[in-house]
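Database features, via TrEMBL:
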- 69-334: domain 'Amino acid transporter transmembrane' (DOMAIN)
- 428-535: domain 'Amino acid transporter transmembrane' (DOMAIN)
- 72-93: transmembrane segment (TRANSMEM)
- 99-121: transmembrane segment (TRANSMEM)
- 194-213: transmembrane segment (TRANSMEM)
- 219-240: transmembrane segment (TRANSMEM)
- 268-289: transmembrane segment (TRANSMEM)
- 301-331: transmembrane segment (TRANSMEM)
- 458-478: transmembrane segment (TRANSMEM)
- 484-503: transmembrane segment (TRANSMEM)
- 515-540: transmembrane segment (TRANSMEM)
Amino acid sequence: MAEMLEPNYRKIMPLPASRSNTKTLGEPMQMIIIIDSEPSKDVTTSASLQGYQHNPQEAWLPITESRNGNTFFAVFHLLCSGIGLPALLLPVAFATLGWAWGIICLSLAFAWQLNTIFILVRLHESVSGIRYSRYMHLALASFGPKLGKLLTQFPLLYNSGSTCIILIITGGKTLDLIFKTLCDRDAMCHAKSLTNTEWFLVFTCLAILIAQLPNLNSIAWVSLIGAITVVLYSTLIWALSITKDRPIGISYGQSDKLKSNVEKFSDVLNALGIIALTFKGHNVILAIQGTLPSSPKQTSYMSMCIGVTISYIVIAMCQYPLAIGGFWAYGNKALRLDLHRAFSLLNSGPLNVSGRLLFIGVLGWVSDTWRSLIGDTCHSLIGPLESSLTRTRLLESSLTRARLLESSLTRARLLESSLTRARLLESSLTLYAMVVFDNLEVGYTSKKNQPCPKWVRTFLRIFCGGLAFFLSVTFPFLGSLAPLVGGATLPLTFAYPCFMWIAMKKPRPNGLVWFINMGLGCLGIVLTVLIVIAAAWTLADKGLKANFYKP
């Protein structure tokens, strides 16, 4: 919401037009607006904020309630929101595009979305005295009230709301996996396991407890945990993938010669969709910058630019090794999935994705390491023994211990990965949910003209969590629709910021800056349409398992 002083319009007086200029009775009358104001009231909070108008409602809302953030907080939030689980599917995209085009497309998409981030950062304080701390309000200022709401309302609602729902679905199944990993082969323990619906409820309750933190700045430590876990999780996967011996007979060439040109084109679009949907978080960029202090002498621009630079260097260090290392390790043995099927697996729980895509490397590496280690140990123990029976028994005992150690280490690795992923999901859910809470409180504070009491804020957040839980149980297949519906939100990342720059900065028409932004914006719209068509085509071809109320 832009920070603007809302004047009190007391009276509107029509003034008659002058005689010399009066032509007809239909001409408009001159108008003068008299505004109530008190000389004692100043629109600035201090001398250092000269020209910065203050709207009291900004101090009541979760996003802008605290503006005492810093560059480190911004980095934590950006890392937590900027890299998501679709990055695990980058080797699948490379399996379709190949080495050269895969790296080119990933690099172009990375540079493109980084450019639009810097555009949003620049536009945050593009008008003197006004800070646009929400994507919707910048869109309204750029495109006008009707067009801005038409273009951005649904994508923003989906990006925040559905992200929370999908995180609950994936987080609940991750908790189930953690429980089953701890149970191992204990039948009684497995019999006491909760249902998926109950795991969803457990995850939601944990998220609601964390969500009681009052504002975006207060969850910086939660985002720090999320940032650390996402870096560890991605590093664990690509490092273990490249250290394990590669499968025999892998190939990096195209293996779809029997496919028609239409099917090949659809595969390419699906691969581009995976790359495009890997980049996220543009809908919270302005909110994150809104937590930073600003003044006419030192705006938040430089602090945010430093935060974006640091965070996206780290994001690049996570995404490129995932894509290149995963494809190098498995080649075309990486799942050659269409976009719909890939996201279905991604949201079905970490065991399916990790086991069938990259986590095979974890288990193989564990197996090879422990077999060689135990084999050397057994040889050193058995050598001095003279009795063959004793040697046989000792070998059998050693192999039994080896299997137990191998099984224990495999479970430990899987448990560590699941716990890491659970922490990441909770952190991401808290960050994206804060945007939803802010929208709810905007409605309350606008109507009541006062800040939300603590009990109202608590009720709104419990209600929001309960609604997200209900929708996650109602639509447990929502992740399968992510390529189709999520593809429609790509203009928030690749197109709208370019058009906003033209509308707000008004560069010289047909000049270089105007041409670049107009070209990128139009290309983003075209790319969105093609990806949505490919996702719809695949969905119609493969079908959708709509398991309502059966998570």
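Heads up, the Cβ atoms here are built off N, Cα and C, so glycines get one too.
Long-range contacts of the transmembrane segment (72-93) within its own chain (CB-CB distance under 8 A, at least 6 residues past either end) are made by residues 102, 105-106, 170, 216-217, 220, 222-224, 226-227, 230-231, 234, 237, 271-272, 274-275, 277-281, 284-285, 288-289, 291-292, 303-304, 307-308, 310-312, 314-315, 318-319, 322-323, 326-327, 330, 334-337, 342-343, 346, 353, 357-358, 424, 427-428, 431-432. Counting Cβ pairs closer than 8 Å to the transmembrane segment (515-540), the top stretch among 99-121, 268-289, 458-478 is 268-289. Sorting each residue of the domain 'Amino acid transporter transmembrane' (428-535) by its DSSP state yields 90 helix, 0 strand, 18 coil.
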